[in-house]
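What follows is a short report on a single structure.
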Amino acid sequence: MLMISPRMASGMQEKQYMPSLLSFFIYNPKFGPREGEEEKKILFYHPIEIEKNEKIRNVGLCEAIVQFTRTFCPTKPAKSLHTQKNRQFFHESEENYWMVMVVRNPMVEKPNKDGKPPTVEYQEEEIIDSVYGSVLQQCYSMYKLFNGTFSRAFEAGGVELLTQKLEKFFYRYLQTLHLQSCDLLDVFGGISFFPLDKMTYLKIQSFVNRVEESLSPVKYTAFLYNDQLIWSGLEQDDMRILYKYLTTSLFPRHTEPELAGRDSPLRPEVAGNLLHYGRFLTGPANLKDPDAKFRFPRIFVNTEDSYEELHLIVYKAMSAAVCFMVNAAVDLNREFCEQLDSLVGPQLTMLASDICEQYNINRRISGPEKEPQFKFIYFNHMNLAEKSTIHMRKTASVSLTSVHPDLMKILGDINCDFARVDEDEEIIVKAMTDYWVVGKKSDQRELYVILNQKNANLIEVNEEVKRLCATQFSNIFFLD
């Protein structure tokens, strides 16, 4: 992606190039151990048009780097390699299965006088290892969610089946990687939770229990509103990656106008005297269509122990969405889908309306939102709760932040410092642009604050952060 910088040089504009994906490959050194068999190690390579010998050379180099670093620390092999032009990231996703992502460093092209070719400067320190290392791990997690583990595919159909699955998945998935939009939120991979009062939360819990009782094949349920999670029956790590898929891929493909209440005139169907706005986001687009197909995406959860394969049914009414996960052995036919639609549609429509009403009441009580003096990112490692006022919009293809990229880089650097130590700590930075950046790590929680107070001193900044904790996080204990 090309971005034109506002800086000028000799009356001509500089060109600034953002990070981009140079190559991505997966190999297993056990598959081609002898000389002349090196190509057998390569299970997937992007871009596909790279010449065979170059692929073998690149994989061999990565293998050598991993082996070399293992001599110094056998339990912690290399995670990344820094060069002037690019950064390589390594991840051993399963035993002997290595994933490698090569990212071109950002660069600035400066024009020269006298018709000489432009000078290229690579910005080697702009890329944060933890951010892109996390993106590489997410690639594996997303593959595993829809295909299961590499080793399971190899056991089922050998190298041929595994390479087929890898090519089918990563050919499409790598097109959705927008490396210029990656930041601290990719490191956390957190979940945004929807704030609810106790009574409405109990209504949702009751709804989930009733549906699971009436539709016995349903094994797990997750309930979301406005792309935020309210209830989940899945394990945390599985929910984390499913949440990322829903909010960055599935939901954006099915956007619709926001409905404010029960009487909004969007395709109402009378079902038991209730207006019914429910529809399937996965599976049949229209139940009344005689040729409707009752195929649902399959997902794999609990792959560490029980290894469950499930149908993923995503059903939405207004701004509320429910994921029902059903054992893959169950045949999902028209009868089951019609039963789910008539049972869930009216109830979910009412629940969505109740949540919307409650949310609007709470907003009126809290009064109009003023533009605060600070912006923050909060993450809780225990329940994966994440909250950001820095990100105006975060999807797979775009990350709109309300602060300068230099400040996002400082946040990433503070996070790297926190990752090196187990103790609670606080870091305060004065940026070149006169912004103050504060990071607090306390009891498995992390808080990052950006303050726009140019003339403030250290004591005033500290007091401002204390005030923020008291107003925004009054029920959360931060150690001072």
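The backbone N, Cα and C atoms fix where each Cβ goes, glycine too.
Just so you know, TrEMBL annotations are computer predictions that nobody has curated.
Copied over from TrEMBL:
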- 22-148: domain 'CCZ1/INTU/HSP4 first Longin' (DOMAIN)
- 218-344: domain 'CCZ1/INTU second Longin' (DOMAIN)
- 370-468: domain 'CCZ1/INTU/HPS4 third Longin' (DOMAIN)
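Within the model, the domain 'CCZ1/INTU second Longin' (218-344) shows a mean pLDDT value of 82, rounded to a whole number.
With DSSP classes pooled into helix, strand and coil, the tally for the domain 'CCZ1/INTU/HPS4 third Longin' (370-468) is 27 helix, 38 strand, 34 coil.
As a summary of secondary structure, the domain 'CCZ1/INTU/HSP4 first Longin' (22-148) carries 45 helix, 39 strand, 43 coil according to DSSP. Across the domain 'CCZ1/INTU second Longin' (218-344), the DSSP tally of helix, strand and coil residues reads 29 helix, 43 strand, 55 coil.
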